[in-house]
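**Student:** What TrEMBL records for this protein is below:
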TRANSMEM  12-30  transmembrane segment
TRANSMEM  65-82  transmembrane segment
TRANSMEM  94-127  transmembrane segment
TRANSMEM  139-160  transmembrane segment
TRANSMEM  181-200  transmembrane segment
TRANSMEM  233-258  transmembrane segment
TRANSMEM  270-292  transmembrane segment
TRANSMEM  312-332  transmembrane segment
TRANSMEM  387-405  transmembrane segment
TRANSMEM  411-429  transmembrane segment
TRANSMEM  441-465  transmembrane segment
TRANSMEM  485-502  transmembrane segment
REGION    510-547  region 'Disordered'
COMPBIAS  525-547  compositional bias 'Basic and acidic residues'
């Protein structure tokens with residue numbers, strides 16, 4: 001292949017690299033211009049450069065990283081000894097997990113760990129008592145845990161003084177981490193245990209598991225009733241590697257891995273994942289010394305900028321969030337894998353490699369998406385009612401994250417655009433439109449729909465930071481001002497070349513699934529031509545064989 005042919009064949013890849021690279025470089029340039037006005041920029045460790053300290057989650061992570069890493073190394077070492085000495089005895093492993101988590105929780109939460117254990121005990125008693133009564137169990141578990149979610153947030157994790165004046169001294173020992181911030185993940189585990197236990201008791205029919213992954217089989221198969229014990233329940237809820245941030249795993253899968261540790265990942269592969277986490281951490285830290293897009297967005301400095309800069313700021317913010325969560329979730333997942341417990345990978349695809357809402361949420365917080373499908377989407381009716389149920393699901397997810405209006409804005413933006421996407425998908429997949437799908441007008445419309453979907457996806461996720469009014473102001477300044485033609489041109493061109501690359505790197509399965517399943521329109525159209533020629537060539541041979 002000559003140089004010109006190479007350029008023509010991979011032109012969209014080259015343009016994508018160039019455009020995204022230029023956006024990053026411009027982000028760095030804009031960052032330096034606002035350095036003096038940005039209070040979140042303080043002296044960093046990288047050659048004396050200023051560092052963006054505007055994200056509290058990343059600040060807490062870096063402040064406690066070495067302490068957390070040391071605790072996980074100690075946990076893995078002791079867990080390895082217990083497994084070897086006990087010959088992988090399930091009961092002894094559960095005793096170890098519960099002992100270690102007890103020390104860990106009182107270290108990080110101090111006196112407030114008593115709130116955490118009290119909530120766990122009440123949950124277990126409710127589940128144990130009503131495990132065979134589906135409606136009663138669902139109502140009680142959801143109401144109780146939702147009330148804890150909202151009240152703990154409202155009262156900032158409760159106060160001992162409010163309970164009794166004689167307990168006020170305990171408020172001086174609230175630990176290094178607030179329990180109510182990390183309780184959200186525990187809530188999902190309570191619901192998982194409740195319904196996995198209920199479905200095992202009522203012997204719910206297990207779906208066909210042929211050609212399914214090892215993890216999916218462990219999740220769907222019912223455990224023997226004697227496995228749903230208080231020891232297993234506490235070990236699952238407070239399992240140290242997954243307690244702080246997940247990823248989320250079901251009770252069935254967790255207990256199954258205690259009985260029979262995972263063998264899907266070799267030790268070499270797990271060390272490779274750990275190396276990735278350390279490399280991403282270093283890369284993100286260095287980037288925060290050059291690119292201050294997050295603090296520009298967070299502080300509202302974007303309001304003083306020209307409109308054409310806003311798409312670059314938004315793009316850089318979303319990519320920062322993506323890498324940040326990759327570091328968090330992959331670190332804890334890797335620790336669990338070392339211990340023999342497999343969980344779903346959360347970030348299965350780059351944030352910039354998504355053209356549909358369905359595809360984005362299958363890959364972004366993938367373990368939460370799987371939990372949502374199993375415990376909310378299917379019980380609410382599945383595909384039959386999805387146009388309505390997604391409003392309930394996204395509203396819950398928004399409130400579950402935090403009781404801020406901006407999270408409701410995020411949830412309802414996603415619902416609105418997702419509903420629109422579902423309607424469009426049904427149109428494209430309808431047998432009535434088959435003739436149109438084979439026409440020359442389909443492909444341009446298909447690409448335009450993907451570009452629009454990408455744009456809506458970006459706007460809806462930036463609503464986390466802007467809320468309703470902020471999102472309106474952001475869009476208005478970016479696209480509806482005097483110089484906004486440059487924003488339109490930059491966004492449409494970048495999304496167009498990105499969509500072409502997204503289609504190309506997916507396997508050609510169906511022309512009716514925009515974004516998630518690639519069409520046969522490959523870059524350069526060479527593959528389509530080769531496949532067509534092969535079919536035509538093999539056709540006479542097949543006809544002769546049939547005769």
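Cβ atoms are placed via backbone N, Cα and C, with glycine included.
For each feature listed, report its degree of burial, its nearest neighbours and the pertinent distances within the displayed model.
**Tutor:** Long-range Cβ contacts of the transmembrane segment (94-127) within its own chain (Cβ-Cβ under 8 Å, at least 6 residues beyond either end) map to 71, 75, 78-79, 82, 137, 140-141, 144-145, 148, 157-158, 160, 170-171, 173-179, 183, 186, 190, 193-194, 197, 230-235, 237-240, 243, 258.
For the transmembrane segment (139-160), same-chain residues at least 6 beyond its ends with a Cβ under 8 Å from one of its own Cβ atoms are 111-112, 115, 119, 122-123, 126-127, 130, 167-171, 174, 178-181, 183-184, 187, 190-191, 194, 399-400, 402-403.
When Cβ-Cβ distances below 8 Å are used as the criterion, the transmembrane segment (312-332) is approached by residues 20, 23-24, 26-27, 30, 55, 57-58, 61, 241-242, 244-247, 273-274, 276-277, 280-281, 283-284, 287, 291, 293-294, 296-297, 302, 305, 345-347, 350-352, 365, 367, 458, 461-462, 465, 474, 478, 490 of the same chain, each at least six residues removed from its ends.
Within its own chain, the transmembrane segment (411-429) is flanked in space by residues 356-358, 386-387, 390-391, 394-395, 397-399, 437, 446, 449, 453, 456-457, 459-461, 463, 471, 512-514, which lie at least six positions past its ends and keep a Cβ under 8 Å from the stretch.
Beyond its flanks by at least six residues, the transmembrane segment (441-465) meets 297-298, 314-315, 317-318, 354-357, 360, 406-407, 409-410, 413-414, 417, 420-421, 424, 428, 471, 474-475, 491-492, 495-496, 498-500, 502, 514-515, 519, 521 of its own chain at Cβ-Cβ distances under 8 Å.
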**Student:** For the transmembrane segment (233-258), I need the partner stretch with the highest count of C-beta pairs below 8 angstroms, choosing only from 65-82, 181-200, 387-405, 485-502.
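**Tutor:** Between the stretches 65-82, 181-200, 387-405, 485-502, 181-200 has the largest tally.
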**Student:** With a Cβ cut-off under 8 Å, give me the same-chain residues at least six positions beyond the ends of the transmembrane segment (387-405) that come close to it.
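**Tutor:** Contacts of the transmembrane segment (387-405) (Cβ under 8 Å, skipping residues fewer than 6 from its ends): 149-150, 153-154, 184, 187, 368, 372, 376-377, 380-381, 411-412, 414-415, 418-419, 422-423, 467-468.
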**Student:** By a Cβ-Cβ criterion of under 8 Å, what residues six or more beyond either terminus of the transmembrane segment (270-292) are in contact with it?
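**Tutor:** For the transmembrane segment (270-292), the sequence-distant neighbours (Cβ-Cβ under 8 Å, at least 6 residues beyond its ends) are 24, 27-28, 31, 34-35, 38, 40-41, 44-47, 49-52, 54, 58, 62, 65, 316, 320, 323-324, 326-327, 330-331, 333-334, 337-338.
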**Student:** May I ask for the residues of the chain that lie six or more residues beyond the transmembrane segment (181-200) and have a Cβ under 8 Å from a Cβ within it?
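**Tutor:** Residues 116, 119-120, 123, 126-127, 131-132, 134, 137-138, 141-142, 145, 148-149, 152, 157, 222-225, 228, 233, 236-238, 242-246, 248, 250-252, 368, 371, 375, 400-401 contact the transmembrane segment (181-200) from elsewhere in the chain.
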